[in-house]
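The following features are taken from Swiss-Prot:
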ACT_SITE  2  active site, for GATase activity
DOMAIN    2-189  domain 'Glutamine amidotransferase type-2'
BINDING   53, 54, 55, 56, 57, 78, 79, 80, 100  L-glutamine binding site
DOMAIN    213-530  domain 'Asparagine synthetase'
BINDING   256, 284, 360, 361  ATP binding site
SITE      362  site 'Important for beta-aspartyl-AMP intermediate formation'
C-alpha cells in the first residue's frame, strides 16, 4: 500500500504547505517507508502532490513518487500494475526503474486517460496532472480495491483527493468517495470565483463512467448450454493465473488464511506454484473457533510449516474497536465486526514479521453469490442482479475493511478473486450454475473445479461469516459486543438518538456510530446505507447470517 494526496488551490492564494503536510502525515500508516511531495505552479493555481510509500516493487529511491515526465506532467499512484512489463514491451516504453507505477505517465501520453484505464490490469488509485493541456485526472480500479476520496472547501477555493477520509476531514467541507467505475477530470484552465458555488463545482468536476457493470437483465436465453467440465477448467486456470500474477514483489509475501473456502483456495493454489516451504499463513480467532480448526487442517494437508495463529478474545476486540473505527472510517455494523479480528491480525503481522504483502480471499462471496441470504433469491435473474449490486458496492464494505485494516498497519493486500479476467468470466456464467440448490452447496461449481486441492471437508465446508467463524462454541464475538452495548445504552437512548441519516436501529449500531462521530463528525453520508441481507420477508436489522430464517 501507499498513500496519495492532492490539493488544488484556486484564486491565486498561497497554498498552506504546513496544512498539506499535516494531511499527508495522516497517510504515513499506508506508506511507512518514505514520504515525498511536489508543489506545481500553474498560473494562479497551485497543486500539491503528496506520497507516502510502502516499497514493494523496486525498493530503491528510483521508485519514489511523484513521477515526472519531459512534458512536466506528474503522476501519483497507490497500486499494483500487474501487466506493466507487457505494456512497456507493447508500446516500446523505456522504464527508468522497476517500479510498476512508472508506466502510467508514458502510457497516458500515448493512450490518453481513458486508453490508460482500459489497458491496466491493476488494483490502483491514481492522480495525473497534465500540465501541458491544463487537465487533472483521478480514478481508481473498477472494483474499488484501492481507495480514493475527493473533497472541496468552497470558502477557501480548495479541492482535494486522498487515499483516506482522515487526510481530508479537517480541511474539507464535503468529502465523498470516487466511485470505482468513474474517473474525474478537472479543467485547470477554468478559473472559478472564490468562494465556490454549486455552479463552479459543476464546471470544475467532470465525472465520466469508464466501466459499465455487468448486465442485470440476463435470462436463460442469453446462455448456451454449458459444458461443465470446460467451465471448471477455465475457472481453475483463471483463478490460478490471478494468484500467480499477485505473487511478484520485492518483499516477502504472506497469506491470510481464515479457514474458509476462499482463503484456503488461494493458499492451496499458491502452494502449488511456490511450494509449501515458501508459504507463510496467518489466522485469527478465539481458541476453539471453527475457523482456526479449519485453518490448521488446511496447512497440515498442504504441508505448510509456517503458520501463525493470532489469538483473539472479547477483551482484545473491545479494547481495539475505537482504533478500528478510526482506521476503517465507517460505522457499518458487519464491517466493524469483521474488521476487528482482521485489524488485530494485521497488527501482529506488522509487529512480529517482515512480511508486508498479503493475499486474501475477499470478493469471492459477492461475485459467486454465496452469502447465505442469496438462497432466498426468487429466480436466477434476481440472483444475478444481486451479485452485480454486491460487486458495485464492494468499495463501501469489504474492500474498505480489507484495505484499511492492512494499510492501517503498513501492509499491502492483494485480492485474486477480484482479478478482472476472473470476474468477467464468472459474471458471464449462467447464474443457475452458481445459485444454491437444495441438493448441493453454494459455489459448487467453484469447489468442483479444485478437487484435490484441499481436504474434502474443507473444500465442501459451508460458508460462515468471518466475524461468526472466529468465535468459539462457548463465546460469540458479535453477541459479546451486543451484551456490552445493552449495558451502555437504554432503549430510550437508542430511540432518541440524534442521528437522522442511517438511524441506528440496534444498540450495537449506536455504539459504533458514536465512536465514528467522535472521529469523523458530520461525515455520516460516507456510507449510503448499512450492509444488510436482501430477499427477507421481515425487516432485518442485524446483518449476521446466523439469525436468518433459512
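Every residue, even glycine, has its Cβ placed from backbone N, Cα and C.
Note that this is a predicted model, so its numbers are computed, not measured.
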Site diameter for L-glutamine, Å, by largest Cα distance between 53, 54, 55, 56, 57, 78, 79, 80, 100: 13
Recorded ATP binding residues, 256, 284, 360, 361 - maximal Cα separation rounded to whole Å: 14
Looking at the binding-site residues 256, 284, 361, whose Cα is closest in space to that of residue 55 (L-glutamine binding site)? 256
Whole-number Å distance between the CA of residue 100 (L-glutamine binding site) and the CA of residue 284 (ATP binding site)? 32
Going by C-alpha positions, which of the recorded positions (2, 53, 57, 79, 362) is nearest residue 284 (ATP binding site)? 362
Compare the C-alpha of residue 53 (L-glutamine binding site) with the C-alpha of each of the recorded positions 2, 256, 360, 361, 362, and give the closest one. 2
What's the most sparsely packed of the recorded positions 2, 55, 256, counting other C-beta atoms within 10 A? 55
Where does residue 2 (active site, for GATase activity) sit in DSSP terms: helix, strand, or coil? coil
Rounded Cα distance, in Å, between residue 57 (L-glutamine binding site) and residue 362 (site 'Important for beta-aspartyl-AMP intermediate formation') is 23
